[in-house]
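Feature annotation from TrEMBL assigns domain 'G-protein coupled receptors family 1 profile' to 59-310. What TrEMBL records for 45-68, 77-96, 116-138, 158-181, 215-239, 259-278, 290-310 is transmembrane segment.
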Amino acid sequence: MIFVSFLSSFSKPLMMALSNSSWRLLQPSFFLMGIPGLEESQHWITMPLSVLYLFAVMGNVTIIFIIWTDPSLHQPMYLFLAMLSGIDLVLASSTAPKTLAVLLVHAHEIGYTVCLTQMFFIHAFSSMESGVLVAMALDRYVAICHPLHHSTILHPGIIGRIGMAVLVRGLLLLLPFPILLRRLIFCQATVIGHAYCEHMAVVKLACSETTVNRAYGLAVALLVVGLDVVAIGISYAFILQTVLKVPGGEARLKAFSTCGSHICVILIFYVPGIFSFLTHRFGHHVPHHVHVLLATLYLLVPPALNPLVYGVKTQQIRQRVLRVFSLKGWI
């Protein structure tokens, strides 16, 4: 209830910004091209994208269900994992349905308000996912460097506050995106060379001054990714320092193995994201269809792989998943 009431407080200014923006348009909608340059292959591309979206929905719903119904998993690591799965569900569902509709049934048109809403959700929840990854790094740091105080430091109240802080940061930092877009005038073509409404792709269509939009977008990207990567790096530097002091190779290996899933998820999220950001801003020689395809995969691959990574590498999750499906097999 707290989450719903808090989120609803942001809906009014967001919808006001979006509705006011529509008066600045001479055309009431945008046209999503899909993946320019690969028009003949788009039907084939929908197959792996559909599989990724199916894996993302099934995997993350399973993770949330298992953690929600098993009191023994109501621990910091798994509660943060449930937050990550919820964010991944929103992120994938904000992108995949419209992208698949564009590529499969050529539903290229998207309303102006719907486009900006999709853009807001994609960027806001990407920021939230980055914040949850920082929280998970903090959990690993406390568990390894201060194991005796883990439950007292990261008690349920603190976990709830961390989750709320991640939510507030994502909403506050990204709410100006649609508000700043309302000052832009789209007086020419409104064709977006993308499979979904991405911030810079929309900004580039404006025929009015966009310096503020570009500067704020760059500042948010550097602030979120930059600070979060530094925080994660510092956490793992302390973890490495502590683990190397542990006597015995087997004990060190066990300590490192507890971080394996988190490190895999970090690489899956940040590496393609940073590459997509750099190619969009500076990769003028990278073919446009390559950038669009990578940007689309960036929003679908992490939500699809995160449950698999934790399901394979985390014994508690793996055991409960097998138990759930074995019970279904007997019914």
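The chain as shown is numbered from 1 upward.
Positions of Cβ are set from backbone N, Cα and C atoms, glycine also.
Curation plays no part in TrEMBL annotations; they are all automatic predictions.
Fair warning: this is a prediction, and the values are worked out from it, not measured in the lab.
Highest Cβ contact count with the transmembrane segment (290-310) among the listed stretches 45-68, 116-138, 158-181 falls to 45-68 (criterion: pairs under 8 Å).
Taking every recorded stretch in 45-68, 77-96, 116-138, 158-181 and counting its Cβ pairs under 8 Å to the transmembrane segment (215-239), the highest total belongs to 116-138. With a threshold of 8 Å between CB atoms, the same-chain residues lying at least 6 positions outside the transmembrane segment (77-96) that come near it are 49-50, 52-53, 56-57, 59-61, 63-64, 67-68, 118, 121-122, 125-126, 128-129, 132-133, 135-136, 139-140, 143, 156, 159, 163, 166, 196, 265, 296, 299-300, 302-304, 306-307, 310, 316-317. Summed and averaged per residue, pLDDT over the domain 'G-protein coupled receptors family 1 profile' (59-310) gives 87.
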